[in-house]
Amino acid sequence: MGVVTRLLVGTFLASLALPAQGGVLKKVIRHKRQTGVNVTLPEESQPVVFNHVYNIKLPVGSQCSVDLESASGDKDLAAPSEPSESVQEHTVDGENQIVFTHRINIPRRACGCAAAPDVKELLSRLEELENLVSSLREQCTSGAGCCLQPAEGRLDTRPFCSGRGNFSTEGCGCVCEPGWKGPNCSEPECPSNCHLRGQCVDGQCVCNEGFTGEDCSQLACPSDCNDQGKCVNGVCVCFEGYSGVDCSRETCPVPCSEEHGRCVDGRCVCQEGFAGEDCNEPLCLHNCHGRGRCVENECVCDEGFTGEDCGELICPKDCFDRGRCINGTCYCDEGFEGEDCGRLACPHGCRGRGRCEEGQCVCDEGFAGADCSERRCPSDCHNRGRCLDGRCECDDGFEGEDCGELRCPGGCSGHGRCVNGQCVCDEGRTGEDCSQLRCPNDCHGRGRCVQGRCECEHGFQGYDCSEMSCPHDCHQHGRCVNGMCVCDDGYTGEDCRELRCPGDCSQRGRCVDGRCVCEHGFAGPDCADLACPSDCHGRGRCVNGQCVCHEGFTGKDCGQRRCPGDCHGQGRCVDGQCVCHEGFTGLDCGQRSCPNDCSNWGQCVSGRCICNEGYSGEDCSQVSPPKDLIVTEVTEETVNLAWDNEMRVTEYLIVYTPTHEDGLEMQFRVPGDQTSTTIRELEPGVEYFIRVFAILENKKSIPVSARVATYLPTPEGLKFKSIKETSVEVEWDPLDIAFETWEIIFRNMNKEDEGEITKSLRRPETTYRQTGLAPGQEYEISLHIVKNNTRGPGLKRVTTTRLDAPSQIEAKDVTDTTALITWFKPLAEIDGIELTYGIKDVPGDRTTIDLTHEENQYSIGNLKPDTEYEVSLISRRADMSSNPAKETFTTGLDAPRNLRRISQTDNSITLEWRNGKAAADTYRIKYAPISGGDHAEVEVPRSPQTTTKATLTGLRPGTEYGIGVSAVKGDKESDPATINAATDLDPPKDFRVSELKESSLTLLWRTPLAKFDRYRLNYGLPSGQPVEVQLPRNATSYILRGLEPGQEYTILLTAEKGRHKSKPARVKASTAGEPEIGNLSVSDITPESFSLSWTATEGAFETFTIEIIDSNRFLETMEYNISGAERTAHISGLRPGNDFIVYLSGLAPGIQTKPISATATTEAEPEVDNLLVSDATPDGFRLSWTADEGVFDSFVLKIRDTKKQSEPLEITLLASERTRDITGLREATEYEIELYGISSGKRSQPVSAIATTAMGSPKEITFSDITENSATVSWMVPTAQVESFRITYVPITGGAPSVVTVDGTKTQTRLLRLLPGVEYLVSVIAVKGFEESEPVSGTLTTALDGPSGLVTANITDSEALAMWQPAIAPVDHYVISYTGDRVPEITRTVSGNTVEYALTNLEPATEYTLRIFAEKGPQKSSTITTKFTTDLDSPRDLTATEVQSETALLTWRPPRASVTGYLLVYESVDGTLKEVVVGPETTSYSLSGLSPSTHYTARIQALNGPLRSKMSQTVFTTIGLLYPFPRDCSQAMLNGDTTSGLYTIYVNNDKAQKLEVFCDMTSDSGGWIVFLRRKNGREDFYRNWKAYAAGFGDLKEEFWLGLDALSKITAQGQYELRVDLRDHGETAYAVYDRFSVGDARTRYKLKVEGYSGTAGDSMAYHNGRSFSTFDKDTDSAITNCALSYKGAFWYKNCHRVNLMGRYGDNSHSQGVNWFHWKGHEYSIQFAEMKLRPSNFRNLEGRRKRA
C-alpha cells in the first residue's frame, strides 16, 4: 500500500475515531474547513496541500461528560496557547507549498465508562489510526521524501504540527510559527530568548531583576516609578509634583523657605514662629489675642476688635464716622446721638414740645415747626386755609374754626340747611341751592318736572307718573291693570278691540268678527266636532269624523262600490269589480294561478310550478345556479374556486372583474361536469369580483359570487444604508408589480408603549430616512406594500441606533488650575462615559477618565493657568460607543504670590508680590478701608522681574485697608491675593496756645483725621525735667498748670493708637499776666439802635469784639470789631421791638478774654400790614391793606415790573385809604409792590407783594397750506410773553376735539391727521403757568383726498382689473384713464361708490399707464398712477398629427403679439417631462424618442423676453406595442424585433430598472438573454465575488452578465436555460425547463431541472449550490474550488461544468469544461449560457394568433 493510500485510510478512520485517553466528550466537535485542495495529487516536483477536518460525533449511549467550563475542562482540552478556533489559510499563488497537519485533542477522563462497547470500538479505531500515522511518519523520515506517488480520493486527516506550523516536504518536518518550537510545534518559544536576561516559562519571559518588557530588553526603574513618572532607559522621569529616584516623594507646590521650613509629603512644615504656604510668613504679636488672623506679620482683626494685636474693642459700626471711639464707646458729633451715633439728633431737642424720630421732631399737640417752636392751628386748618398765630384763615368755600366745614352755595336760598357743603332742602324744594320746586315723588323717574308738576313719559300717567297707561284706554271694553287691559266678556286683544269667538274655536280654527272659521277636518260653531270626508257622499252617516257606509258602498267617504267577497283580499276593487293580484284569478280572486304558466318548463299545481330538471324559480324560468362557491387557494397571481351543483348543466361561465374603477371584465368557460377551476394571470394585490353562472341550453342562471383579493408579495432586499443616533436610513429592492405605496414601520423593541412610527412612500421610492428615533434603542423595521388599502406581508429587520453623546457640555467654576465639567446625560441607556481632556492642539497630552452612567459632572485639577483645554465625552455601552462631544475652555490667570507690605506713611502704602505663572498684562489693585467705605482700584504694569512693586497714595491716615491684587490679561482677571495694611497716624492739627497766664497755658488743637486711642503731651520744665501727660482722644484742649511765670515752654502733642504713634505737633509759648474787661451797659435805646459802654485795663487790648444776638434766634448774629482804645459803641440798624443779647470780649497778644454780656430791647414802631392783590386784568389789578388807625399821615405806594424794564410808578395815598385800583400796566407782567406809611415824616417798615397782570388773547387767526389731511394755522401773539399756545380743532359736524400745544414763541403750527373734505372749527388759547387767555377762533375746510393703493390684478392678454382704496371723504365719482404704446388714451367715469373697474379690449404684451382721481363738485383730488403689462397671448390651435409608436408632429398658429421663441413641453403619464425651445418663426415640431402605447400631454408657451404666455395644450397617445417596456428578450421579440444584438430590457417592466443585454433571436425560435459567452480567451474570468455579482466583459465578445442581474431576471417568472457548445465544427446543447438564481442572501443559489439536449446533463451535479469565487468559498469540497481551478461557478466538490475556467487549458478540470461532452481534460472553444421564459412558445403562438 502506497503512502497516499495509507493516508486515505487514516483519514477515513480519523473521521470515525475519537481520542479516549482522557475520557469521552459530551458534545459534538465540528471545525469548519477554510481551505483545501482537490483529490488528485500532482507529480513529485509539484506542490501539495493537505488540510483536513474531523467531524466526530459522540456515541448516543455515552453518559460521560467533561466540564469544559471548569479548571479541568477547557484548559486540559486545548494546547497552552491554542486559539478558540483553528483557522488555516494559504496564499492564492502558493504553487510550491506543502501543508500537512494532523492534530488530536484528548481531554482528561471525566468518568469511568471505558467498558461501554461503543467506547471500546472508538478506542480500537483510534489505535489503528495511530499505527497508520506512525508508519507514515517513518516513511517520511527515511530520506526518500514524502507523498511522492499520485493518488485519488478524499482526504479527511486533521492538520499536523499542532495547528501552529506547516509541514515541509523538504525536511519532512514542521516549520513552526513564531512563538512555537519542537517537532510538532507544541512547545512555546519566548521572543529573542528573553535576551538572556530572564527565564522562558510557558512561552513568556520572566525577567531578571532590573529588566522588563515582553523580551526583557528594557531596563526597569525602581518601584516602576510608583506610577508617578515615566521610565526612560531605567531612569524615572517624574511627573509634575513628584521627585526622588523612584518618584515616591511629593514636591511642595511652593518651594519651602530653606531657613524656616522643610517639605514633607507635599506640604511645608514650618519652624516655630513662621507660617504660610512657604514658611516665609512670621507670626504676629500675641497671636492676635485669638481675635484675628496673622497676615504679613500683622493682625487682621475679627469683627469688633482692632489694635496692633487685636486687643482693643471697636465701637459699634465704628460710630458711623459721626463721633469718636474711646475703648468701645462712641462720643457722637453734634447732630448725632445713640450708642453708635447712628441716630440723627433733632434741633434744640424739639424745645421740650415733642419727640425726636430720625432727626425730625414729632411735635406735641398744638405745636409745629422744625423744632416745635410754632403754635399749631386746629387740624392744620384741614389744608383749606392759612394758619396765622394759631388761628385759621379759611380758603373760599370753607368755614369753621379749623376750616373743616364746607360752605353751601347761595346759603341754600333759605330753603334748606347746609350739611358738609351740600344743601339738604326743605320739603318741596330741590336743586344745588334749593331754589327749585320739587315734583311729587320726583315723577318716579318717568317724566320731567316742570314748575313742580310732572310731564309723564309715554306709557305712564298719574300726578307722579306712577301709573302705567293701557293702549287706547282698552277701547272702553275693559279695565287697565298695571298697563295691561283686562277685557270685558266677549272682547279680546291687547286693547280689547276684537270680538271673541265661542270656546276660542277650540283652538281648531280662526276667529273672524266673533265667528269661527274652522280648520279642515273640523266643524261646529266652536269647531269642536270632527268632520267626515265629502260628508260621506250621502251614502253613510258621520260618526266621530268617520263614515259608516250604507250596504254596497265602501271607502273613507263611501264613494266606492263594493266588490264580491271583497276580492278575498287577493285583488283590488275597481268600480265594484275585482282586479286580481298576480297569482290569483276569478270574479272574487278566489283561485290561484301559476306565474307565466311555468314558462313551459314545468307544471302548475295549486298555483305552484313543478319545474323540469335543471330549472327552478316560481315560473321555472331560471336555470338552477351553482351553490356554495368557495375560494380554496389564493396566490399572488391565481385564485382557485370550487362550487356545488346537483342539477344538469351544459357548462359554467366564470366572469371576474377587478373591483376598482375601469376594471376590465374577463371570462372563460368550463365543462358542466367540472365544479372547480383556477383563475390565472391575475394582478397581485387586486380585489376581484368573481361570478359563476350555470349554462343550460344557452340559458344563464343567476350567478353565485365571491370577492377575493390576490395576495401582495413580500418586499425584498431591505438593508441599512446608514444608522445614526436619532435616524436610520434603509433601502430595498423595487418590485415590478403595480401598487400604490410602500409602508414602512419603525417599532421600538425596548419601549413597547411608545407605539409605532408609520410612513407611506410613493413609488418608485426605494430608500427612506426615519428621523426622531431614540438613541441606543433597538428598532424593528418592517416594510410592506399597500394596494387598494390593503397591506401586504412585511419584511422585517432589526437594528440598534447609535448611542448619543452627552450634550450641552459646559465648563463651570473654571479657576487657574481646576474646572468643573458638567453635561446633560445622553438619552440612551449606557454603561458609562469616557471623559478625555488635554491641552488643545497638543494631541499626545491627553488624560482619560471612565465614569459611571449616573454621573453628570467631573472636576478636573492640576491644570496649567491661562491655557486652552479641550474636553471630549463619549458614551459607551458594551462594545458600542457614541461620537465624541467636545468643548473647549481656558483656565484662569493664577493669582500673584507672596503679597507683602514694604513701607507706609500716613497717606500711602508700598506693596510687593511675586508674579504669577501666567503672562499677565497688568495687575489690578483694589483697596478699601476695612471699617467700610468706597473702594478704589489702580492698575500697574507687570514687572519683567520675578516681583512687582506698587505704591498706593491718597489714603486716609491711621486706617487699616483691605487690599487685593489680581492679575489682568485682556478681559480676564485672576482671583486676588489679599493683605491688610494700615497707614500711619497723622499728627494733631492747628496746635496753638489760646490763653496765657502767669502759671498756666491753655492749649487748643484740632483732632487728627485718623482714628486713635489717646494723646500724649510732652514738655520740659525749666529745670530740664521732662513732663508727659496722657490725654483722652476726645480732648481738643488742655491747661498746663503750675508753670513758672515769664518762662518759655516747648510743647509736643502726639496721637497714639496701640503701639503706633503719629509725628508730634509742636508749639512754643511763654507765661504772662492777663488783662480784664467789665461794666458793660446799654443806653439811648430807639426802635432801631442803642449805645454800649464798658471798662477795661488800659493799653492791654489790641481789639474788642461785640456780638449782637437776637434772643429769639430769628435774626442773624451781628459782630463788630473795634479798636482796643474805645470804651463805647453805637449799634444801629436793629429791628424794632426785638430782644437782643450783647457779648463783649477783648483780644490781647496771645490771649482772648472770656466774654461779658448785657441785654437790650428796641422800641416798637407803627405797622402797615396785609397787603393783598386781587381782580387782576390785562392792564391792572386791585390792592388792599390794613394799618393802625390815626397813626399815619399818608401812604406811599411804589410799583415796578420785576424785570425793571419800565419806569417805576409811585403813588401817594391818603391816610384814610385802604384800597386802590391800579391801571395802565402791561399785560402778563409781574410787578413788585411796596407800601409804607408816613408818620411825623418817618417811614414805617414797608410791606411788599408780587402781582401779575392777566394775559392778552392771540389775534387775527388765519389758515394756509390746506391739504386733504393737514393745514397751517397762524395767529398774532399777545403783547406779553406766554409759555405756550394750545390749539383745539374739531369738525363743525361734531366729533372728538384734537389738541396741539406749541411753544409760546411760535406764531403758527401745522394741524395734522385731518379728515379730507371736512370743515373744522379752530381755537387758539395762550397759556402761561396755570393761566389761560380767552380763545381766538376760525374755520377751515380740508381739501378733497384722492383714491390710494391703485393696483391691477387678473391681468390677461386682453383684460385687467383695476382696484383701489376709496377716498376717505365722500366723493361724487372717479375718473379713470389708461393708455399704452401706440394705443390712444381711453377715459371712463365711474360712481364714487366703486372701488374696481374692469379694463377690456387691451392689446397683448403692451405696457399700459393707468391713472385715477376723485371729483366732488368743483373739487378734484390728486391723481394716482400705476403701470402694468398685459400678458403675451398664447399660440393657437395646438394639434398632434402623424402620431406613431415613437414619433408625433405638433403644429400651431402664432399669437397676435410678436414673440422671441416658443417653449414646448411634453410629458408622459409616468411623469417623464421634456422641454424644447424653438425659434419665433417655427409653427411645427417633430417629437421623437416617445414610448409606445403612452398617453402624452403637450403644451406650448410663447416667449417674448421675460414675458411668457399661458400654455396651450393638447393630448395624444402613441401607437402601442405589445410590451412597451419588455422585461426580457422574449418580449422584445414579441414586439417584432427579430435581429440578434444589444437590447434594453426593463426588469419587472419597470422603466426605472433598465438593463442592457445581448438577445439571441435565432437559436430555437429566439428570445434568449445570453448571460455567458466564451469564445476567444480575451476576457479574464478569474475574478472576485464583487466582479461576478456586478458582471464584466464586452456584450459583443466574451462577458458575464452578473449574478445580481440574473437574480432579478429569474425572479420575474419561470425561465428555461439553454447552453450552446461548439468545438472544431462539433456542436452540442443542453436545455433545462426550470432555471433560477437566488438573491445575494442565498449567495445566488442555483436551481436547474428538466434536462433535454445533446451535451449531457452536467448541470444536475451543481443544482442547489451557491455561487463560489476564490474570495468567497461556498462549495462542499475540502479545497477552494475557485482557487484551484482559477474560475468561478456553482461549485460542489468541485465541478462537472467549469465554463468560467481557463480558456484553452486542457489540464485536468482547469479549462472550459462540460464533463458529459468533453470531460475534465478538454477546454471547449465556444460556450454560451442563455435563458428565456419557459412559456415562450405559448406566448409566441398567442402573438401569431393575434
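For all residues, glycine too, the Cβ spot is worked out from N, Cα and C.
The shown structure was predicted, so the numbers you read here are calculated from the model rather than taken from an experiment.
Here Cys511 is paired by Swiss-Prot through a disulfide bond, and of Cys496, Cys501 its partner is Cys501.
Between the listed ranges 118-145, 342-369, 1322-1349, 1490-1517, Swiss-Prot ties the annotation coiled coil to 118-145. In Swiss-Prot, Cys394 is paired through a disulphide bond with Cys403, chosen from Cys381, Cys403.
Note: Swiss-Prot links Cys425 through a disulfide bond to Cys434 (candidates: Cys418, Cys434). For Asn1034 (N-linked glycosylation site), the same-chain residues 6+ apart in sequence whose C-beta sits under 8 angstroms from its C-beta are Arg324, Ile326, Tyr331.
For Asn327 (N-linked glycosylation site), the number of other Cβ atoms no farther than 10 Å from its own Cβ, over all displayed protein chains, is 11. Looking at the domain 'Fibronectin type-III 2' (718-801) alone, the prediction's average pLDDT is 89.
Candidate recorded positions: Asn166, Asn184, Thr905, Asn1354. Nearest to Asn1079 (N-linked glycosylation site) by Cα distance: Thr905. Asn1079 (N-linked glycosylation site): 11 other CB atoms within 10 A of its CB, across all protein chains.
The least crowded of the glycosylation sites Asn166, Asn184, Asn1121, Asn1354, judged by other CB atoms within 10 A of its own CB, is Asn1121. Over all protein chains present, the Cβ of Thr905 (phosphothreonine) has 14 other Cβ atoms lying within 10 Å. Distance between Cα atoms for Asn166 (N-linked glycosylation site) and Thr905 (phosphothreonine): 95 Å, as a whole number. When secondary structure is read from DSSP and collapsed to three states, Asn1354 (N-linked glycosylation site) falls in the coil class. Taking Cα separation as the measure, Asn184 (N-linked glycosylation site) is nearest to Asn1354 of the glycosylation sites Asn327, Asn1121, Asn1354.
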